[in-house]
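These features come from Swiss-Prot:
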ACT_SITE  SER466  active site, proton acceptor
BINDING   ASP78, ASP120, LYS121, GLU440  Mg(2+) binding site
BINDING   CYS119, CYS191  [2Fe-2S] cluster binding site
MOD_RES   LYS121  N6-carboxylysine
Amino acid sequence: MISDNLKKGVSRAPNRSLLKACGYTDEEIEKPFIGIVNSFTEVVPGHIHLNTLAEAAKKGVYANGGTPFEFNTMAVCDGIAMGHEGMRYSLPSREIIADTVESMAKAHGFDGLVLIPSCDKIVPGMIMGALRLNIPFIVITGGPMQPGELHGKKYDLISVFEGVGEYNVGKITKEELMEIETCACPGAGSCAGLFTANSMACLTETLGLSLPMCATTHATDAEKVRIAKRSGMKIVDLVKEDIKPTDLLTKESFENAILVDLALGGSSNTTLHIPALAYEIAPEFITLDDFDRLCDEVPHIASLRPGGDHFISDLHRAGGIPAVLKILEQKIRDANTVSGKSIKEIINEVKYIDYNIIRPVDKPVHETAGLRILKGNIAPDGCVVKISAVNPKMYKHEGPARVFNSEEETIDAILGGDIKEGDVVVIRYEGPAGGPGMREMLSPTSAICGMGLDDSVALITDGRFSGGSRGPCIGHISPEAMAGGPIAIIEEGDIIAIDMMAKEINLKISEEEIKERLANWKKPEIKVKKGYISRYAKLVSSANEGAVLK
(Lines of atoms letter the chains of each structure in order from A and count residues from 1; the text may use other names and numbers.)
(Lines give C-alpha, C1' and ligand atoms only; values in the text may rest on other atoms or scores of the structure.)
Protein backbone atom coordinates (compact mmCIF):
# COMPACT_ATOMS: atom_id res chain seq x y z
CA MET A 1 0.00 0.00 0.00
CA ILE A 2 1.08 3.59 -0.63
CA SER A 3 0.54 4.40 3.04
CA ASP A 4 3.16 1.82 4.04
CA ASN A 5 5.77 4.35 2.91
CA LEU A 6 4.89 6.60 5.84
CA LYS A 7 3.77 4.14 8.51
CA LYS A 8 5.92 1.00 8.31
CA GLY A 9 9.21 0.43 10.10
CA VAL A 10 11.19 1.97 12.95
CA SER A 11 12.15 5.05 10.92
CA ARG A 12 8.49 5.99 10.58
CA ALA A 13 7.91 6.29 14.35
CA PRO A 14 7.62 10.12 14.07
CA ASN A 15 4.98 9.77 11.37
CA ARG A 16 2.98 7.32 13.48
CA SER A 17 3.36 9.57 16.51
CA LEU A 18 1.68 12.43 14.66
CA LEU A 19 -1.13 10.16 13.52
CA LYS A 20 -1.62 9.06 17.12
CA ALA A 21 -1.80 12.74 18.08
CA CYS A 22 -4.92 12.84 15.89
CA GLY A 23 -6.40 10.00 17.94
CA TYR A 24 -5.71 7.08 15.61
CA THR A 25 -4.88 3.70 17.13
CA ASP A 26 -2.22 1.22 16.03
CA GLU A 27 -4.99 -0.93 14.58
CA GLU A 28 -6.36 1.95 12.50
CA ILE A 29 -2.90 2.89 11.28
CA GLU A 30 -2.41 -0.65 9.97
CA LYS A 31 -5.45 -0.39 7.66
CA PRO A 32 -5.68 1.23 4.19
CA PHE A 33 -5.67 5.03 4.37
CA ILE A 34 -8.69 6.50 2.58
CA GLY A 35 -8.87 10.24 1.96
CA ILE A 36 -12.41 11.63 2.19
CA VAL A 37 -12.35 14.76 0.02
CA ASN A 38 -15.21 16.91 1.29
CA SER A 39 -16.12 20.24 -0.32
CA PHE A 40 -18.65 21.30 2.32
CA THR A 41 -19.17 25.03 2.68
CA GLU A 42 -21.85 27.21 4.22
CA VAL A 43 -22.05 29.59 1.24
CA VAL A 44 -22.83 27.15 -1.61
CA PRO A 45 -26.32 25.54 -1.58
CA GLY A 46 -25.05 22.57 -3.54
CA HIS A 47 -22.57 21.86 -0.75
CA ILE A 48 -24.31 22.70 2.52
CA HIS A 49 -25.32 19.05 3.04
CA LEU A 50 -22.05 17.36 2.14
CA ASN A 51 -20.95 16.80 5.74
CA THR A 52 -23.79 14.28 6.01
CA LEU A 53 -22.50 12.40 2.97
CA ALA A 54 -18.92 12.54 4.26
CA GLU A 55 -19.98 11.00 7.58
CA ALA A 56 -21.82 8.23 5.73
CA ALA A 57 -18.81 7.57 3.51
CA LYS A 58 -16.52 7.34 6.55
CA LYS A 59 -18.87 4.81 8.15
CA GLY A 60 -18.67 2.76 4.96
CA VAL A 61 -14.88 2.88 4.96
CA TYR A 62 -14.74 1.75 8.60
CA ALA A 63 -17.28 -1.01 7.95
CA ASN A 64 -15.10 -2.54 5.24
CA GLY A 65 -11.75 -2.37 7.01
CA GLY A 66 -10.29 1.00 6.03
CA THR A 67 -9.34 4.13 7.95
CA PRO A 68 -10.88 7.39 6.66
CA PHE A 69 -9.19 10.79 6.84
CA GLU A 70 -11.41 13.71 5.93
CA PHE A 71 -10.06 16.91 4.41
CA ASN A 72 -11.60 19.79 2.51
CA THR A 73 -11.29 21.56 -0.80
CA MET A 74 -12.69 24.92 -1.83
CA ALA A 75 -16.00 25.31 -3.69
CA VAL A 76 -17.27 28.29 -5.69
CA CYS A 77 -20.99 28.83 -6.33
CA ASP A 78 -21.23 30.02 -9.92
CA GLY A 79 -24.65 31.53 -9.30
CA ILE A 80 -23.43 33.69 -6.42
CA ALA A 81 -20.25 34.57 -8.34
CA MET A 82 -22.27 35.53 -11.42
CA GLY A 83 -22.26 39.03 -12.86
CA HIS A 84 -19.29 40.50 -10.96
CA GLU A 85 -15.55 40.08 -10.46
CA GLY A 86 -16.10 36.81 -8.60
CA MET A 87 -16.94 34.99 -11.83
CA ARG A 88 -13.34 35.40 -12.96
CA TYR A 89 -12.46 32.85 -10.26
CA SER A 90 -14.97 30.14 -11.13
CA LEU A 91 -13.24 28.22 -13.92
CA PRO A 92 -9.74 28.86 -12.50
CA SER A 93 -10.91 27.35 -9.20
CA ARG A 94 -11.08 23.99 -11.01
CA GLU A 95 -7.28 23.94 -11.23
CA ILE A 96 -6.86 24.90 -7.56
CA ILE A 97 -9.16 22.06 -6.53
CA ALA A 98 -7.24 19.58 -8.69
CA ASP A 99 -3.95 20.74 -7.19
CA THR A 100 -5.39 20.49 -3.66
CA VAL A 101 -6.49 16.88 -4.16
CA GLU A 102 -3.13 15.97 -5.67
CA SER A 103 -1.16 17.73 -2.92
CA MET A 104 -3.09 16.34 0.04
CA ALA A 105 -3.12 12.77 -1.28
CA LYS A 106 0.59 12.78 -2.08
CA ALA A 107 1.61 14.45 1.17
CA HIS A 108 -0.31 12.03 3.37
CA GLY A 109 0.10 8.78 1.48
CA PHE A 110 -3.55 8.00 0.88
CA ASP A 111 -4.19 4.60 -0.69
CA GLY A 112 -7.53 5.67 -2.15
CA LEU A 113 -9.95 8.58 -2.26
CA VAL A 114 -13.66 9.22 -1.87
CA LEU A 115 -14.47 12.44 -3.73
CA ILE A 116 -17.53 14.40 -2.56
CA PRO A 117 -18.18 17.30 -4.95
CA SER A 118 -21.46 18.76 -6.12
CA CYS A 119 -21.30 21.96 -8.16
CA ASP A 120 -19.89 23.07 -11.47
CA LYS A 121 -16.08 23.20 -11.22
CA ILE A 122 -15.73 21.06 -8.12
CA VAL A 123 -16.75 17.83 -9.87
CA PRO A 124 -14.17 18.05 -12.68
CA GLY A 125 -11.57 19.64 -10.40
CA MET A 126 -11.60 16.79 -7.90
CA ILE A 127 -11.58 14.15 -10.63
CA MET A 128 -8.69 15.84 -12.46
CA GLY A 129 -6.59 15.73 -9.29
CA ALA A 130 -7.44 12.09 -8.63
CA LEU A 131 -6.71 11.08 -12.24
CA ARG A 132 -3.34 12.80 -11.97
CA LEU A 133 -2.49 10.52 -9.03
CA ASN A 134 -3.85 7.36 -10.69
CA ILE A 135 -4.87 5.82 -7.37
CA PRO A 136 -8.22 4.12 -6.69
CA PHE A 137 -11.07 6.58 -6.16
CA ILE A 138 -14.84 6.80 -6.21
CA VAL A 139 -17.08 9.84 -6.58
CA ILE A 140 -20.22 10.74 -4.60
CA THR A 141 -21.80 13.70 -6.38
CA GLY A 142 -23.93 15.78 -4.01
CA GLY A 143 -27.20 15.45 -5.88
CA PRO A 144 -29.72 17.85 -7.41
CA MET A 145 -31.86 20.45 -5.68
CA GLN A 146 -35.62 20.10 -5.96
CA PRO A 147 -37.37 22.76 -8.06
CA GLY A 148 -39.26 25.47 -6.21
CA GLU A 149 -43.02 25.85 -6.52
CA LEU A 150 -45.21 28.94 -6.58
CA HIS A 151 -48.90 29.19 -7.51
CA GLY A 152 -48.81 25.74 -9.10
CA LYS A 153 -45.75 26.44 -11.26
CA LYS A 154 -42.21 25.09 -10.84
CA TYR A 155 -39.17 27.35 -10.73
CA ASP A 156 -35.38 27.13 -10.56
CA LEU A 157 -32.46 29.56 -10.40
CA ILE A 158 -32.72 30.34 -14.12
CA SER A 159 -36.27 31.51 -13.50
CA VAL A 160 -34.81 34.21 -11.25
CA PHE A 161 -32.15 35.29 -13.74
CA GLU A 162 -34.74 35.54 -16.50
CA GLY A 163 -37.11 37.26 -14.08
CA VAL A 164 -34.70 40.20 -13.97
CA GLY A 165 -35.17 40.68 -17.71
CA GLU A 166 -38.94 40.24 -17.40
CA TYR A 167 -39.08 42.90 -14.70
CA ASN A 168 -36.95 45.24 -16.78
CA VAL A 169 -39.50 45.23 -19.64
CA GLY A 170 -42.52 45.35 -17.33
CA LYS A 171 -43.68 41.73 -17.71
CA ILE A 172 -43.67 41.19 -13.93
CA THR A 173 -43.67 43.47 -10.91
CA LYS A 174 -40.88 43.82 -8.35
CA GLU A 175 -43.08 41.99 -5.84
CA GLU A 176 -43.55 39.08 -8.25
CA LEU A 177 -39.80 38.93 -8.86
CA MET A 178 -39.23 38.80 -5.09
CA GLU A 179 -41.70 35.90 -4.80
CA ILE A 180 -39.83 33.98 -7.50
CA GLU A 181 -36.48 34.81 -5.85
CA THR A 182 -37.69 33.40 -2.53
CA CYS A 183 -39.19 30.15 -3.83
CA ALA A 184 -36.95 29.16 -6.74
CA CYS A 185 -34.17 27.49 -4.73
CA PRO A 186 -35.89 25.61 -1.87
CA GLY A 187 -32.87 23.95 -0.25
CA ALA A 188 -29.71 21.89 -0.57
CA GLY A 189 -28.47 20.53 -3.86
CA SER A 190 -27.03 21.56 -7.19
CA CYS A 191 -29.43 23.72 -9.23
CA ALA A 192 -32.43 21.69 -10.32
CA GLY A 193 -32.03 21.50 -14.11
CA LEU A 194 -29.49 19.95 -16.44
CA PHE A 195 -27.06 22.77 -15.83
CA THR A 196 -23.29 22.26 -15.50
CA ALA A 197 -23.23 20.62 -12.06
CA ASN A 198 -25.85 18.00 -12.86
CA SER A 199 -24.44 17.51 -16.36
CA MET A 200 -21.06 16.64 -14.85
CA ALA A 201 -22.67 14.37 -12.25
CA CYS A 202 -24.44 12.47 -15.04
CA LEU A 203 -21.22 12.15 -17.02
CA THR A 204 -19.30 11.03 -13.92
CA GLU A 205 -21.76 8.19 -13.49
CA THR A 206 -21.55 7.35 -17.20
CA LEU A 207 -17.76 7.22 -16.96
CA GLY A 208 -18.21 4.57 -14.27
CA LEU A 209 -16.68 6.66 -11.48
CA SER A 210 -19.75 6.71 -9.21
CA LEU A 211 -22.33 4.09 -8.28
CA PRO A 212 -25.47 3.64 -10.41
CA MET A 213 -28.21 6.26 -9.77
CA CYS A 214 -25.81 8.48 -7.80
CA ALA A 215 -26.03 11.41 -10.23
CA THR A 216 -29.78 11.93 -10.08
CA THR A 217 -30.59 10.90 -6.50
CA HIS A 218 -31.80 13.99 -4.63
CA ALA A 219 -29.30 15.77 -2.38
CA THR A 220 -31.09 15.08 0.92
CA ASP A 221 -32.78 11.78 0.09
CA ALA A 222 -31.95 8.89 2.43
CA GLU A 223 -30.91 6.90 -0.64
CA LYS A 224 -28.11 9.41 -1.22
CA VAL A 225 -26.80 8.64 2.28
CA ARG A 226 -26.94 4.92 1.50
CA ILE A 227 -25.07 5.52 -1.78
CA ALA A 228 -22.42 7.43 0.19
CA LYS A 229 -22.10 4.58 2.68
CA ARG A 230 -21.84 1.97 -0.07
CA SER A 231 -19.25 4.14 -1.84
CA GLY A 232 -17.17 4.21 1.35
CA MET A 233 -17.30 0.44 1.48
CA LYS A 234 -16.51 0.09 -2.21
CA ILE A 235 -13.36 2.24 -2.14
CA VAL A 236 -11.75 -0.19 0.31
CA ASP A 237 -12.41 -3.01 -2.16
CA LEU A 238 -10.93 -0.94 -4.99
CA VAL A 239 -7.78 -0.31 -2.94
CA LYS A 240 -7.41 -3.96 -1.93
CA GLU A 241 -7.88 -5.03 -5.56
CA ASP A 242 -5.64 -2.16 -6.78
CA ILE A 243 -8.18 -1.00 -9.36
CA LYS A 244 -6.92 2.33 -10.66
CA PRO A 245 -8.76 4.81 -12.90
CA THR A 246 -6.55 3.85 -15.83
CA ASP A 247 -7.88 0.30 -15.40
CA LEU A 248 -11.41 1.64 -15.92
CA LEU A 249 -11.25 4.64 -18.22
CA THR A 250 -10.76 4.09 -21.93
CA LYS A 251 -11.37 6.13 -25.05
CA GLU A 252 -14.71 4.32 -25.24
CA SER A 253 -15.60 5.36 -21.67
CA PHE A 254 -15.17 9.01 -22.60
CA GLU A 255 -17.09 8.57 -25.83
CA ASN A 256 -19.95 7.00 -23.83
CA ALA A 257 -19.99 10.10 -21.63
CA ILE A 258 -20.04 12.41 -24.65
CA LEU A 259 -22.91 10.45 -26.21
CA VAL A 260 -24.97 10.73 -23.00
CA ASP A 261 -24.11 14.43 -22.81
CA LEU A 262 -25.26 15.02 -26.38
CA ALA A 263 -28.40 12.93 -25.98
CA LEU A 264 -29.49 14.70 -22.80
CA GLY A 265 -28.55 18.19 -24.00
CA GLY A 266 -25.99 18.81 -21.27
CA SER A 267 -24.17 22.02 -20.46
CA SER A 268 -21.81 23.46 -23.06
CA ASN A 269 -19.22 23.56 -20.25
CA THR A 270 -18.81 19.81 -20.65
CA THR A 271 -16.79 20.56 -23.79
CA LEU A 272 -14.24 22.15 -21.43
CA HIS A 273 -14.36 19.60 -18.63
CA ILE A 274 -14.37 16.27 -20.47
CA PRO A 275 -11.22 17.12 -22.49
CA ALA A 276 -9.65 18.44 -19.27
CA LEU A 277 -10.32 15.13 -17.50
CA ALA A 278 -8.95 13.19 -20.45
CA TYR A 279 -5.87 15.44 -20.54
CA GLU A 280 -4.86 14.06 -17.13
CA ILE A 281 -4.64 10.62 -18.74
CA ALA A 282 -2.98 11.73 -21.98
CA PRO A 283 -2.88 14.96 -24.02
CA GLU A 284 -5.22 14.85 -27.02
CA PHE A 285 -6.97 11.77 -25.57
CA ILE A 286 -10.31 13.53 -26.09
CA THR A 287 -10.71 16.76 -28.07
CA LEU A 288 -13.45 19.05 -29.33
CA ASP A 289 -13.33 17.10 -32.59
CA ASP A 290 -14.67 14.05 -30.73
CA PHE A 291 -17.75 16.05 -29.71
CA ASP A 292 -18.11 17.21 -33.32
CA ARG A 293 -17.89 13.66 -34.65
CA LEU A 294 -20.26 12.13 -32.10
CA CYS A 295 -22.94 14.84 -32.30
CA ASP A 296 -24.17 13.17 -35.50
CA GLU A 297 -24.53 9.80 -33.73
CA VAL A 298 -27.44 10.46 -31.34
CA PRO A 299 -30.59 12.59 -31.17
CA HIS A 300 -31.72 14.76 -28.26
CA ILE A 301 -33.94 12.51 -26.10
CA ALA A 302 -34.83 14.44 -22.92
CA SER A 303 -36.60 17.80 -22.56
CA LEU A 304 -34.75 19.03 -19.48
CA ARG A 305 -34.32 22.54 -18.12
CA PRO A 306 -33.11 25.02 -19.31
CA GLY A 307 -34.22 24.08 -22.83
CA GLY A 308 -37.19 21.98 -21.74
CA ASP A 309 -39.76 21.56 -19.00
CA HIS A 310 -38.40 18.70 -16.87
CA PHE A 311 -35.99 18.72 -13.94
CA ILE A 312 -33.31 16.26 -12.77
CA SER A 313 -35.80 14.91 -10.22
CA ASP A 314 -37.98 13.92 -13.20
CA LEU A 315 -35.01 12.25 -14.90
CA HIS A 316 -34.36 10.29 -11.71
CA ARG A 317 -37.94 9.04 -11.50
CA ALA A 318 -37.75 8.10 -15.18
CA GLY A 319 -34.87 5.70 -14.51
CA GLY A 320 -31.80 7.93 -14.22
CA ILE A 321 -28.58 7.44 -16.14
CA PRO A 322 -28.97 3.63 -16.39
CA ALA A 323 -32.21 4.22 -18.32
CA VAL A 324 -30.47 6.70 -20.63
CA LEU A 325 -27.73 4.14 -21.27
CA LYS A 326 -30.39 1.53 -22.00
CA ILE A 327 -32.05 3.74 -24.61
CA LEU A 328 -28.65 4.47 -26.21
CA GLU A 329 -27.56 0.83 -25.91
CA GLN A 330 -26.79 0.41 -29.61
CA LYS A 331 -24.25 3.24 -29.46
CA ILE A 332 -22.78 2.59 -26.00
CA ARG A 333 -19.55 0.61 -25.71
CA ASP A 334 -18.94 -1.69 -22.76
CA ALA A 335 -16.56 -0.56 -20.02
CA ASN A 336 -15.81 -1.37 -16.40
CA THR A 337 -17.02 0.77 -13.50
CA VAL A 338 -16.20 1.32 -9.82
CA SER A 339 -19.35 -0.61 -8.91
CA GLY A 340 -17.74 -3.84 -10.07
CA LYS A 341 -20.35 -4.14 -12.81
CA SER A 342 -19.74 -3.34 -16.45
CA ILE A 343 -21.80 -0.73 -18.30
CA LYS A 344 -23.59 -3.52 -20.18
CA GLU A 345 -24.43 -5.28 -16.90
CA ILE A 346 -25.88 -2.02 -15.53
CA ILE A 347 -27.93 -1.65 -18.72
CA ASN A 348 -29.23 -5.21 -18.41
CA GLU A 349 -30.48 -4.52 -14.88
CA VAL A 350 -32.73 -1.63 -15.98
CA LYS A 351 -36.33 -2.52 -15.14
CA TYR A 352 -38.22 0.71 -15.75
CA ILE A 353 -38.06 3.69 -18.11
CA ASP A 354 -40.57 6.52 -18.31
CA TYR A 355 -40.56 7.21 -22.03
CA ASN A 356 -42.44 10.46 -21.50
CA ILE A 357 -39.28 11.85 -19.87
CA ILE A 358 -36.53 9.89 -21.65
CA ARG A 359 -37.64 9.45 -25.24
CA PRO A 360 -36.81 6.48 -27.47
CA VAL A 361 -34.25 7.30 -30.15
CA ASP A 362 -36.90 6.88 -32.86
CA LYS A 363 -39.18 9.43 -31.14
CA PRO A 364 -36.71 12.05 -29.88
CA VAL A 365 -37.28 15.57 -28.63
CA HIS A 366 -35.05 16.78 -31.48
CA GLU A 367 -33.37 14.85 -34.27
CA THR A 368 -30.19 16.83 -33.58
CA ALA A 369 -27.98 16.14 -30.55
CA GLY A 370 -28.06 18.67 -27.72
CA LEU A 371 -24.68 20.29 -28.45
CA ARG A 372 -23.20 21.36 -31.75
CA ILE A 373 -19.66 22.36 -32.68
CA LEU A 374 -19.35 25.20 -35.19
CA LYS A 375 -16.32 26.39 -37.15
CA GLY A 376 -15.63 29.19 -39.60
CA ASN A 377 -13.54 32.28 -40.10
CA ILE A 378 -14.67 33.66 -36.72
CA ALA A 379 -13.79 30.42 -34.91
CA PRO A 380 -11.14 28.47 -36.85
CA ASP A 381 -10.53 26.18 -33.85
CA GLY A 382 -14.22 25.79 -33.07
CA CYS A 383 -16.97 26.97 -30.75
CA VAL A 384 -20.03 25.40 -29.14
CA VAL A 385 -23.77 25.99 -28.96
CA LYS A 386 -26.35 24.19 -26.82
CA ILE A 387 -28.70 23.73 -29.75
CA SER A 388 -31.26 21.86 -27.63
CA ALA A 389 -32.01 25.20 -25.92
CA VAL A 390 -32.31 27.20 -29.17
CA ASN A 391 -35.55 28.08 -30.95
CA PRO A 392 -35.35 26.28 -34.35
CA LYS A 393 -36.06 29.55 -36.16
CA MET A 394 -32.63 30.73 -34.91
CA TYR A 395 -30.69 27.72 -36.21
CA LYS A 396 -29.83 29.94 -39.17
CA HIS A 397 -29.35 33.64 -38.55
CA GLU A 398 -27.61 36.57 -40.19
CA GLY A 399 -27.33 40.01 -38.66
CA PRO A 400 -25.19 43.02 -37.79
CA ALA A 401 -22.55 42.73 -35.08
CA ARG A 402 -22.98 44.69 -31.87
CA VAL A 403 -19.49 44.57 -30.41
CA PHE A 404 -18.58 44.74 -26.71
CA ASN A 405 -15.28 44.16 -24.94
CA SER A 406 -16.73 43.01 -21.61
CA GLU A 407 -19.79 41.45 -20.03
CA GLU A 408 -20.56 44.66 -18.12
CA GLU A 409 -20.76 46.77 -21.29
CA THR A 410 -23.09 44.19 -22.80
CA ILE A 411 -25.52 44.07 -19.88
CA ASP A 412 -25.78 47.85 -19.84
CA ALA A 413 -26.63 47.85 -23.55
CA ILE A 414 -29.21 45.05 -23.26
CA LEU A 415 -31.01 46.46 -20.23
CA GLY A 416 -30.74 49.94 -21.75
CA GLY A 417 -32.74 48.82 -24.79
CA ASP A 418 -29.85 49.24 -27.25
CA ILE A 419 -30.08 45.71 -28.66
CA LYS A 420 -32.62 45.25 -31.45
CA GLU A 421 -34.20 42.29 -33.21
CA GLY A 422 -31.81 40.72 -35.70
CA ASP A 423 -28.62 41.82 -33.93
CA VAL A 424 -25.68 39.53 -33.22
CA VAL A 425 -24.19 40.50 -29.85
CA VAL A 426 -20.41 39.95 -29.74
CA ILE A 427 -18.74 39.75 -26.31
CA ARG A 428 -14.97 39.39 -26.55
CA TYR A 429 -11.88 39.53 -24.34
CA GLU A 430 -13.77 37.22 -21.95
CA GLY A 431 -11.84 34.03 -22.83
CA PRO A 432 -9.62 31.98 -20.50
CA ALA A 433 -6.72 34.46 -20.77
CA GLY A 434 -8.63 37.54 -21.84
CA GLY A 435 -11.18 37.57 -19.04
CA PRO A 436 -9.14 36.36 -17.35
CA GLY A 437 -11.08 33.33 -16.19
CA MET A 438 -13.61 32.83 -19.01
CA ARG A 439 -16.62 34.19 -17.17
CA GLU A 440 -20.10 32.80 -17.77
CA MET A 441 -22.42 35.10 -19.70
CA LEU A 442 -25.61 34.03 -17.90
CA SER A 443 -26.68 37.56 -16.99
CA PRO A 444 -26.66 38.81 -20.62
CA THR A 445 -28.34 35.69 -22.01
CA SER A 446 -30.99 35.66 -19.28
CA ALA A 447 -31.69 39.35 -19.88
CA ILE A 448 -32.14 38.66 -23.60
CA CYS A 449 -34.50 35.76 -22.85
CA GLY A 450 -36.43 37.65 -20.19
CA MET A 451 -36.96 40.54 -22.61
CA GLY A 452 -38.30 38.18 -25.27
CA LEU A 453 -35.39 38.61 -27.70
CA ASP A 454 -34.09 35.03 -27.69
CA ASP A 455 -35.92 34.22 -30.94
CA SER A 456 -34.41 37.17 -32.81
CA VAL A 457 -31.00 38.02 -31.26
CA ALA A 458 -27.89 35.80 -31.28
CA LEU A 459 -24.95 36.15 -28.89
CA ILE A 460 -21.41 34.97 -29.57
CA THR A 461 -18.43 35.12 -27.22
CA ASP A 462 -14.98 33.78 -26.44
CA GLY A 463 -16.31 33.47 -22.90
CA ARG A 464 -18.64 30.71 -21.85
CA PHE A 465 -22.19 30.19 -20.69
CA SER A 466 -23.88 28.82 -17.64
CA GLY A 467 -25.41 25.41 -18.08
CA GLY A 468 -28.62 27.32 -17.45
CA SER A 469 -28.25 29.59 -20.47
CA ARG A 470 -30.71 29.16 -23.31
CA GLY A 471 -31.22 30.76 -26.67
CA PRO A 472 -28.83 31.17 -29.64
CA CYS A 473 -25.73 31.54 -27.46
CA ILE A 474 -22.47 30.49 -29.09
CA GLY A 475 -19.48 30.32 -26.78
CA HIS A 476 -15.87 29.17 -26.40
CA ILE A 477 -14.92 30.86 -29.69
CA SER A 478 -11.35 29.77 -30.35
CA PRO A 479 -8.82 31.24 -30.71
CA GLU A 480 -9.97 33.82 -28.19
CA ALA A 481 -9.59 37.56 -28.74
CA MET A 482 -6.65 37.81 -26.32
CA ALA A 483 -4.77 35.27 -28.46
CA GLY A 484 -5.42 37.30 -31.60
CA GLY A 485 -8.34 35.22 -32.78
CA PRO A 486 -10.57 36.67 -35.52
CA ILE A 487 -13.27 37.60 -32.98
CA ALA A 488 -10.88 40.39 -31.96
CA ILE A 489 -11.21 42.17 -35.31
CA ILE A 490 -15.00 42.14 -35.71
CA GLU A 491 -16.26 45.70 -36.12
CA GLU A 492 -19.61 47.26 -35.22
CA GLY A 493 -22.10 46.57 -38.01
CA ASP A 494 -20.17 43.72 -39.67
CA ILE A 495 -22.54 41.03 -40.88
CA ILE A 496 -22.22 37.68 -39.10
CA ALA A 497 -23.75 34.53 -40.59
CA ILE A 498 -24.61 31.57 -38.36
CA ASP A 499 -25.80 28.19 -39.66
CA MET A 500 -26.02 25.68 -36.82
CA MET A 501 -27.14 22.73 -38.92
CA ALA A 502 -24.24 23.31 -41.32
CA LYS A 503 -21.92 23.82 -38.29
CA GLU A 504 -20.74 27.17 -39.60
CA ILE A 505 -20.13 30.66 -38.20
CA ASN A 506 -18.61 33.31 -40.44
CA LEU A 507 -17.85 36.99 -40.69
CA LYS A 508 -19.02 38.19 -44.11
CA ILE A 509 -15.94 40.08 -45.19
CA SER A 510 -13.13 38.99 -47.51
CA GLU A 511 -10.17 36.93 -46.37
CA GLU A 512 -7.96 39.84 -47.43
CA GLU A 513 -9.86 42.18 -45.10
CA ILE A 514 -9.55 39.69 -42.24
CA LYS A 515 -5.79 39.39 -42.78
CA GLU A 516 -5.39 43.17 -42.92
CA ARG A 517 -7.35 43.69 -39.70
CA LEU A 518 -5.41 40.95 -37.91
CA ALA A 519 -2.13 42.52 -39.02
CA ASN A 520 -3.21 45.82 -37.45
CA TRP A 521 -4.51 44.26 -34.21
CA LYS A 522 -2.70 45.15 -30.99
CA LYS A 523 -2.86 42.81 -28.00
CA PRO A 524 -4.28 44.60 -24.94
CA GLU A 525 -2.79 44.31 -21.48
CA ILE A 526 -4.03 41.62 -19.09
CA LYS A 527 -6.91 43.07 -17.09
CA VAL A 528 -5.79 41.66 -13.73
CA LYS A 529 -2.25 42.54 -12.70
CA LYS A 530 -1.69 40.51 -9.52
CA GLY A 531 -2.77 37.40 -7.67
CA TYR A 532 -3.80 33.96 -8.84
CA ILE A 533 -5.86 35.15 -11.81
CA SER A 534 -2.92 37.04 -13.32
CA ARG A 535 -0.80 33.88 -13.12
CA TYR A 536 -3.67 31.83 -14.53
CA ALA A 537 -3.93 34.15 -17.55
CA LYS A 538 -0.29 33.46 -18.43
CA LEU A 539 -0.58 29.66 -18.24
CA VAL A 540 -4.08 28.72 -19.41
CA SER A 541 -4.64 27.00 -22.76
CA SER A 542 -7.39 27.68 -25.27
CA ALA A 543 -11.02 26.71 -24.66
CA ASN A 544 -10.86 24.16 -27.48
CA GLU A 545 -8.16 22.38 -25.43
CA GLY A 546 -10.20 22.36 -22.22
CA ALA A 547 -8.68 25.56 -20.75
CA VAL A 548 -6.12 23.51 -18.81
CA LEU A 549 -2.91 24.95 -17.40
CA LYS A 550 0.19 24.15 -19.40
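The backbone N, Cα and C atoms fix where each Cβ goes, glycine too.
Here the features listed in Swiss-Prot are placed on the structure.
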{"residue": "ASP78", "record": "Mg(2+) binding site", "DSSP class": "helix"}
{"residue": "CYS119", "record": "[2Fe-2S] cluster binding site", "DSSP class": "coil"}
{"residue": "CYS191", "record": "[2Fe-2S] cluster binding site", "DSSP class": "coil"}
{"residue": "GLU440", "record": "Mg(2+) binding site", "DSSP class": "strand"}
{"residue": "SER466", "record": "active site, proton acceptor", "DSSP class": "coil"}
Compute the mean position of the Cβ atoms of ASP78, ASP120, LYS121, GLU440, which form the recorded Mg(2+) site, and then list in sequence order the other residues of that chain whose Cβ is within 8 Å of it.
VAL76, ALA81, SER90, LEU91, CYS119, THR196, ALA197, ASN269, SER466
Round to a whole number and give the Cα-to-Cα distance in Å for the pair CYS119 ([2Fe-2S] cluster binding site) and ASP78 (Mg(2+) binding site).
8
Taking ASP78, ASP120, GLU440 as the binding-site residues to compare, which has the smallest set of other Cβ atoms within 10 Å?
ASP78
Can you tell me how far the Cα of GLU440 (Mg(2+) binding site) sits from the Cα of SER466 (active site, proton acceptor), in Å?
5
I want to check the contact list for CYS191 ([2Fe-2S] cluster binding site): same chain, sequence separation of six or more, C-beta distance under 8 angstroms. What comes out?
GLY46, GLY79, PRO144, MET145, ASP156, LEU157, ILE158, CYS185, ALA197, ASN198, GLY468
How long is the line from the C-alpha of ASP78 (Mg(2+) binding site) to the C-alpha of SER466 (active site, proton acceptor), rounded to the nearest angstrom?
8
Around the Cβ of SER466 (active site, proton acceptor), how many other Cβ atoms lie within 10 Å? Please give the count over every shown protein chain.
29
